[in-house]
Amino acid sequence: MGDRGGAGGSRRRRTGSRPSIQGGSGPAAAEEEVRDVGAGGDAPVRDTDKDGDVDVGSGHWDLRCHRLQDSLFSSDSGFSNYRGILNWCVVMLILSNARLFLENLIKYGILVDPIQVVSLFLKDPYSWPALCLVIVANIFAVAAFQVEKRLAVGALTEQAGLLLHGVNLATILCFPAAVAFLLESITPVGSVLALMVYTILFLKLFSYRDVNLWCRERRAGAKAKAALAGKKANGGAAQRTVSYPDNLTYRDLYYFLFAPTLCYELNFPRSPRIRKRFLLRRLLEMLFLTQLQVGLIQQWMVPAIQNSMKPFKDMDYSRIVERLLKLAVPNHLIWLIFFYWLFHSCLNAVAELMQFGDREFYRDWWNSESITYFWQNWNIPVHKWCIRHFYKPMLRRGSSKWAARTAVFLASAFFHEYLVSIPLRMFRLWAFTGMMAQIPLAWIVGRFFRGNYGNAAVWLSLIIGQPVAVLMYVHDYYVLNREAPAAGT
């Protein structure tokens, strides 16, 4: 056979045909391949065509088709392209939620009623207490401005200014809380919105006071470099720089109050123009997502919450867990939509209108592998304020990092409870407890979970933790406002 192969090879050479080894056919080629395998240990890699199929060529002598390799799902394989599995997960998620949606429609019918939403804001169409509260907030902004004007010219001492600012800031928190708690005509939703406005005003005026104080301290240290001090105080980025005390104008104050940030600067980064198409997209997103959230709450969450009251009353723990898991899906979906609506659509729309240049309102919190990373990246405006006006000042005063972090969580827990308990007119401290529980949870996740496991733990805390707080408050509110009056009659 070897001689015949050799003769065949020489005959092809004489007739001008291609060599047998190029086509991979013939016993000689096969024998050569066997020798190569014996020397190298692996089968030669076959040529492939443009579709990825092996180029068969003119022969049929495939003596070896196996090689040393791992399965794709093995960690040693190095394979990482699971795009098809991700698409499968998305398809399964859509199908499972479509089934839940159809089940909900069959069981309850269409519950979406946009007109009913108006009643959440107004009890009396001729009485708008929440809007009146928001308008009154201007008084506190003007008061802070007047204090700063007098401090700038030396008409007030720093101690007197600190006292006046403290009284003003304390009143900002106490005044709307008293009105919301005592005024019967204000609705819980209207109360929440008014208290959110006052909370934002509190944080902004706190920052306004701090930055102007830093400017005065630098001016006192080097009066000859007042303009440079004002530039350094805000980070040194501006097309048209303003120095202290030239920043103390109503125009500057109200630009800051409406800007999508909580941290004051003398010179904010500004975008060159308003992009009309970008702004229109954000406005359409705001409109669509608002309607979507209202529809999901009315159609999906409200029935789930109502059906959860009986298991809580009977203390049927298995049914409570089942209702909790049933509520977790719509609650988490609405929370994700709310995040996009607020931090991307709304804040970008406001920033575009005001040509506010810093658009970092969130970072990649969805990749969080620890609870700490999540809280540092999901709400950048609040995070920047906490670092600049709370965390770093505590460190400069000698506090430890652990004490400063605990104080930040404590302040956050207070404001969460402030925005929930006062509108509902009941104090159960569920929101406060939930926020303070983040401290040991952050330690546990950081200590025992890494990588994808840490990310899964963060997602699990978001998906399960929020519905627990929602059910606690709804149950207590239901008992307080439904069963108590019925028992009294």
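Cβ coordinates come from backbone N, Cα and C, glycine included.
The topological domain 'Cytoplasmic' annotation in Swiss-Prot covers 1-80 (among others).
The average pLDDT computed over the topological domain 'Lumenal' (116-127) stands at 68. Annotation source Swiss-Prot lists topological domain 'Lumenal' at 116-127 (among others).
Counting residues 6+ beyond its ends, the topological domain 'Cytoplasmic' (154-158) has Cβ neighbours under 8 Å at 147, 164, 213, 216 in the same chain. Positions annotated as topological domain 'Cytoplasmic' by Swiss-Prot, on the basis of a curator's inference: 154-158 (among others).
Residues or ranges marked as topological domain 'Lumenal' by Swiss-Prot: 182-188 (among others).
The topological domain 'Cytoplasmic' annotation in Swiss-Prot covers 221-274 (among others) and is backed by a curator's inference.
According to Swiss-Prot, the feature topological domain 'Lumenal' maps to 310-316 (among others). A Cβ distance under 8 Å defines the sequence-distant neighbours of the topological domain 'Lumenal' (310-316), meaning residues of its chain 6+ beyond its ends; these are 322-323, 471, 475.
The topological domain 'Cytoplasmic' annotation in Swiss-Prot covers 355-400 (among others) and is backed by a curator's inference.
Per Swiss-Prot, the feature region 'Intracellular loop 2 (IL2)' maps to 355-400; the stated evidence is similarity to another entry.
Following the DSSP three-state reduction, the secondary structure of His416 (active site) is helix. The active site feature in Swiss-Prot is assigned to His416; the stated evidence is similarity to another entry.
Under the heading site 'Important for catalytic activity', Swiss-Prot lists Glu417.
For the topological domain 'Lumenal' (422-429), the number of residues in each DSSP class (helix H, G, I; strand E, B; coil) is 3 helix, 0 strand, 5 coil. Positions annotated as topological domain 'Lumenal' by Swiss-Prot: 422-429 (among others).
Among the features that Swiss-Prot reports, topological domain 'Lumenal' is placed at 483-489 (among others).
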Field: His416 (active site), number of other Cβ atoms within 10 Å
entry: 18
Message: I'd like the per-state residue tally for the topological domain 'Lumenal' (310-316) from DSSP, helix first, then strand, then coil.
response: 5 helix, 0 strand, 2 coil
Same-chain residues at least 6 beyond the ends of the topological domain 'Lumenal' (422-429) whose Cβ lies under 8 Å from its Cβ atoms: 177, 180-181, 188-189, 191-192, 195, 472-473, 476-477, 480
- line: Cβ-Cβ distance under 8 Å, sequence separation of 6 or more, same chain as Glu417 (site 'Important for catalytic activity'); the residues meeting this, in order, are Phe427, Leu429, Ala431, Phe432
- line: The DSSP breakdown of the topological domain 'Cytoplasmic' (154-158) into helix, strand and coil residues is 1 helix, 0 strand, 4 coil
Field: Helix-strand-coil residue split for the topological domain 'Cytoplasmic' (355-400), DSSP-based
entry: 27 helix, 1 strand, 18 coil
